[in-house]
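What TrEMBL lists as domain 'Nucleoside transporter/FeoB GTPase Gate' is 1-76. Under the heading transmembrane segment, TrEMBL lists 53-75, 81-100, 138-160, 166-189, 233-258, 270-293. Annotation source TrEMBL lists domain 'Concentrative nucleoside transporter C-terminal' at 81-290.
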Amino acid sequence: MGLLIRILGSIFQKALNISKIESFVAVTTIFLGQNEIPAIVKPFIDRMNRNELFTAICSGMASIAGSMMIGYAGMGVPIDYLLAASLMAIPGGILFARILSPATEPSQVTFENLSFSETPPKSIIEAAANGAMTGLKIAAGVATVVMAFVAIIALINGIIGGVGGWFGFANVSLESIFGYVLAPLAWIMGVDWSDANLAGSLIGQKLAINEFVAYLNFSPYLQTSGTLDVKTIAIISFALCGFANFGSIGVVVGAFSAISPKRAPEIAQLGLRALAAATLSNLMSATIAGFFIGLA
């Protein structure tokens, strides 16, 4: 693990002008999901400063795990769009992490003095047991906090639906509101106005629920030829390619808190800001993709 950190960290630190631990975390998001990142940074999470922690959270939210790409490709989403979006999420997540939380502290994690605080396992069985216990802690923490966040979203949707029903809008929900609000944004990104409400609705579903549901509802439009133009398909595909949603705040808080309980309050404070940074990263990637495809 230490050798891998040194190699990848050195390359991306120079290319993106960030600390080596930030570059390593950003690169691992191509392969791993946001709930696996805490296990990767576990040996040195207590030495990561606030900016590095924020960048790690943003990087995880702005990308999707490599294993998820296969599932989304099976829904009809072009795999080349998914791969490009995952790669673009590395600089995008770092960019908006820096904008929303400028680096003000020097990094305390250097590869010259990198040391692991835990005692190395003496056997394969001990290593497997330690890994299983770490995974169990993360899974339990994530499940507990996510259930709370899902319940909060359901409560908000229930209240909105009830109030909307009084005025004749029985099917109104948080994601449908996001759809109408985000339609102008989708148009600014390059989507035709006739499809802007659909694009805004899908982005809203991603924010309020998750990207899986959004891609699932996007899939029928991909299966029917001519329903959407190539540029709109690209913009929506890129915009949805990321874990940035309200439930992810629960995932991040639960996973990182399980690894470092003493930093739980700090992580909770960074949740909403990280969601904003990751969402902006996804939307920026979508806008760039739409721009270049529009030129073709």
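Positions of Cβ are set from backbone N, Cα and C atoms, glycine also.
DSSP places the residues of the domain 'Nucleoside transporter/FeoB GTPase Gate' (1-76) in helix, strand and coil in these numbers: 57 helix, 0 strand, 19 coil. Confidence for the domain 'Concentrative nucleoside transporter C-terminal' (81-290), expressed as mean pLDDT, is 82. Same-chain neighbours of the transmembrane segment (166-189): 153, 156-157, 160, 195-197, 199-205, 207-209, 235, 239, 283, 286-287, 290, counting only residues six or more beyond its ends whose CB sits under 8 Å from a CB of the stretch.
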